[in-house]
Amino acid sequence: MAATSGTDEPVSGELVSVAHALSLPAESYGNDPDIEMAWAMRAMQHAEVYYKLISSVDPQFLKLTKVDDQIYSEFRKNFETLRIDVLDPEELKSESAKEKWRPFCLKFNGIVEDFNYGTLLRLDCSQGYTEENTIFAPRIQFFAIEIARNREGYNKAVYISVQDKEGEKGVNNGGEKRADSGEEENTKNGGEKGADSGEEKEEGINREDKTDKGGEKGKEADKEINKSGEKAM
């Protein structure tokens, strides 16, 4: 899930400070609005990358961490009946739920990098990251639920929906191209027919002119013959 930059441009001191701030657990801060905004931006970037992944690749084949098998096994052992296609926020945020989630999350401290970082989690897995469909959760909680959604086939709804839309766009674009090609061909054929027709008319006129001239010459020849006959007599 990590992304790297291909540039070696110097990083400003301000960005270094923000990066350092984001490398610390969320509980290290109070309600600092700047830090909260930085956390929100980082969480949103993570969400965008993840949504693009499950939209472009069959989620059943995705591997989110090096320990997906362990996360999934522990998750279903501790939350066997938890519904994950549409989450109930109370199953994640209530005091009793937090008590149950805490030992599970701490088990991955040192195993999963940034295990307790704030991450955006979708409530309804068939929908995208909207304000109404998103809650904040520790990253290990995000991994546990999303790995389960991928393996159990729930996230495939997003993949199928996006692929269907792209397929429709392709069909529509193909139809437009074929229509344009047909118009061009008709225009071209019409032009050729028009040119041919014009040539035929010109040829007809030329033939008529030649015929008329031929007739006149014939009449003149007849006159000359008649004159010769009269002289001969």
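Cβ atoms here come from the backbone N, Cα and C positions, even for glycine.
Mapped onto three states, the DSSP output places S126 (phosphoserine) in coil. For S126 (among others), the entry in Swiss-Prot reads phosphoserine, with the evidence type a large-scale study or a structure entry.
Per Swiss-Prot, region 'Disordered' is recorded for 167-233.
Annotation source Swiss-Prot lists phosphoserine at S181 (among others).
What Swiss-Prot records for S197 (among others) is phosphoserine.
All chains included, 15 other C-beta atoms sit within 10 angstroms of the C-beta of S126 (phosphoserine).
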